[in-house]
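Here is the structure we will look at.
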Ligand SMILES: Nc1ncnc2c1ncn2[C@@H]1O[C@H](COP(=O)(O)OP(=O)(O)O)[C@@H](O)[C@H]1O
Ligand SMILES: Cc1cn([C@H]2C[C@H](O)[C@@H](COP(=O)(O)O)O2)c(=O)[nH]c1=O
């Protein structure tokens with residue numbers, strides 16, 4: 001039975017890499033995938049991994065009907081054996097419903113990849129709908145780590161290394177952004193709650209306030 005599978009995790013945990021591996025393994029056996037994405041860092045119509053691999057994809061528009069798009073494609077003689085949707089957190093809930101319909105009515109396997117929560121640890125609407133509808137939710141096996149060594153479960157937005165909690169839900173960006181620009185850092189829940197990034201932990205460790213008081 002075809003399934004709607006949601007591969008979820010923090011930023012930088014290997015989701016796009018896995019999407020590209022699934023695509024590679026299936027196309028190596030002659031299967032044809034339809035690859036959707038939205039707002040990939042590499043630019044419009046791209047699905048890219050930090051390991052340097054990239055492939056072309058269909059850039060999903062705000063009000064695009066993904067089910068209708070596939071039906072059109074198939075009725076014009078196109079072939080599709082499976083569907084990949086990367087950056088699925090950016091899809092609208094109705095587009096996730098359309099992907100579920102692709103599974104149920106077209107009999108195609110759909111692999112969706114995305115982060116579950118935003119920088120405030122609130123569900124993205126698209127991810128919420130995936131949690132509600134997916135046949136299976138898979139958490140990626142490669143653990144992204146917080147600076148403290150614990151498993152990273154949350155995404156922090158940073159400016160100059162400092163965590164911020166105000167701003168738009170969607171701001172395309174990357175981890176390891178040490179400049180003043182908006183960047184992201186993955187943290188464990190404890191340090192996300194305390195708003196403690198690697199930079200602020202380093203600064204706190206160097207602060208005279210926390211140095212041991214000399215008795216001499
Ligand atoms: N230089 C590197 N050497 C080995 N692995 C790397 C390197 N850079 C990134 N990675 C791996 O790639 C992962 C990020 O993959 P990517 O698919 O871009 O993540 P996601 O789509 O989840 O944001 C990292 O967690 C790490 O495992
Ligand atoms: C936490 C968070 C992230 N984003 C953006 C930043 C990146 O462009 C993508 C995630 O991509 P990845 O391949 O999983 O690293 O999402 C955002 O817009 N808002 C957020 O709160």
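All residue numbers here begin at 1 and follow the chain in the order shown.
In case you wondered, yes, glycine gets a Cβ from its N, Cα and C as well.
Quick caveat, the model's predicted, so the values are computed rather than measured.
Around residue 13 (ATP binding site), the same-chain residues six or more apart in sequence whose CB sits under 8 Å from its CB are 140, 142, 143, 144, 152, 186, listed in sequence order. Annotation comment: TrEMBL describes 9, 10, 11, 12, 13, 14, 15, 16, 86, 87, 88, 89 as ATP binding site.
Here TrEMBL flags 87 as active site, proton acceptor. The Cβ of residue 87 (active site, proton acceptor) has 25 other Cβ atoms within 10 Å, all protein chains considered.
According to TrEMBL, the feature substrate binding site maps to 170, 171, 172, 173, 184. In three-state terms derived from DSSP, residue 173 (substrate binding site) belongs to neither a helical nor a strand segment and is classed as coil. Other C-beta atoms found within 10 angstroms of the C-beta of residue 173 (substrate binding site) number 14, with every protein chain shown included.
Listed in chain order, the residues near the substrate site other than 170, 171, 172, 173, 184 are 157, 182, each with its Cβ within 8 Å of the site Cβ centroid. For the recorded site, residue 184 (substrate binding site), the DSSP three-state label reads strand. Secondary structure at residue 88 (ATP binding site), as computed by DSSP, is helix. Within 10 Å of residue 11 (ATP binding site), judged by CA to CA distance, lie the following binding-site residues from the set 170, 171, 172, 184: 184. Within 10 Å (C-alpha to C-alpha) of residue 87 (active site, proton acceptor) lie the following binding-site residues from 15, 171, 173, 184: 15.
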